[in-house]
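Shown next, in structure tokens, is the structure this report addresses.
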């Protein structure tokens, strides 16, 4: 059995070699000759999986180590009798922590408290739902928009998008990309929406580039409106509009979900799915794969305020690092993908053990996802 894996999937060789012969290949583009005698293909979001790629090949299973699936033609795979699995939620925590890293930077720069802002979350799935819980743990008001969930009657106070646009100081998008249909999200943030945002608003896109109309956004930003913008995803990729990058407050190369934990979850989820597909189900404990973090343990004295939270968050991950790296090379062909391929190891907040003298600080940090304990200073 031969299994092709994206060369940038961590732990893929280690895990899939338990099931057969493993060959690591580039994801953009996948070398066509490597597909000729392969039984399974494991990809990331950079690989377009469709009839053009796989027709006439012996591939029996495709796995994507990503939460999003718009790069995979699932309808054709089903028609061709090819098994498929994604990794829903694998990088949700990473994206949430990316958003916090960006917002805490902007809050410090512009001198505001997050608890005085209203956050509109568009798309309340694995990422949006976790964001909501963490914002609410900090006492930050959230407004939710998720038309599919609202129409299904899911529990939650779901509002129309127009209401979020009118009331939210921060509008953050976490939807799939639907190019047509009742729940179309292509260019959901169009010129009209962008112009209706509150003065001083913050717009964040860390889902799919085309959810925000990049041309319309650039047109609006060229007028120097009172608007801050954080973009991790672009339209198109990898050839992003460098003029737009110059005008956004933070721009990164589609790495919001790129924690080591998130990548490892993606790999293990598709590994477990494929092992079940071939009739040899296996389970993997994530902590058996991950190395010790760079910062293992710190002590926090006193209560947790916003400035202290920012220091803790940026100790683990400071988004400005990736913003600076992208700006240096954005106009050089191929560098966008190189930044992603050679991405510096990044951990999640749970990797940091925080010993707190204040019991409330420890409780709040645990609610936010840190590994925190109360230990009174004697």
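Numbering starts at 1 and runs along the chain as it is shown here.
From the backbone N, Cα and C atoms, a Cβ is placed for every residue, glycine too.
Remember, TrEMBL labels are computer predictions, not curated facts.
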Among 116, 146, 287, 305, the candidate listed by TrEMBL alongside 175, 232, 257 for NAD(+) is 146
Among the binding-site residues listed as 66, 146, 257, 258, within 10 angstroms of residue 208 (active site) by C-alpha we get none
Ordered by sequence, the long-range same-chain Cβ contacts of residue 257 (NAD(+) binding site) under 8 Å (at least 6 apart) are 66, 67, 90, 91, 92, 94, 95, 98
Integer Å value for the Cα distance linking residue 45 (substrate binding site) with residue 254 (active site, proton donor) is 10
Around the Cβ of residue 232 (NAD(+) binding site), other Cβ atoms within 10 Å, all chains included, total 26
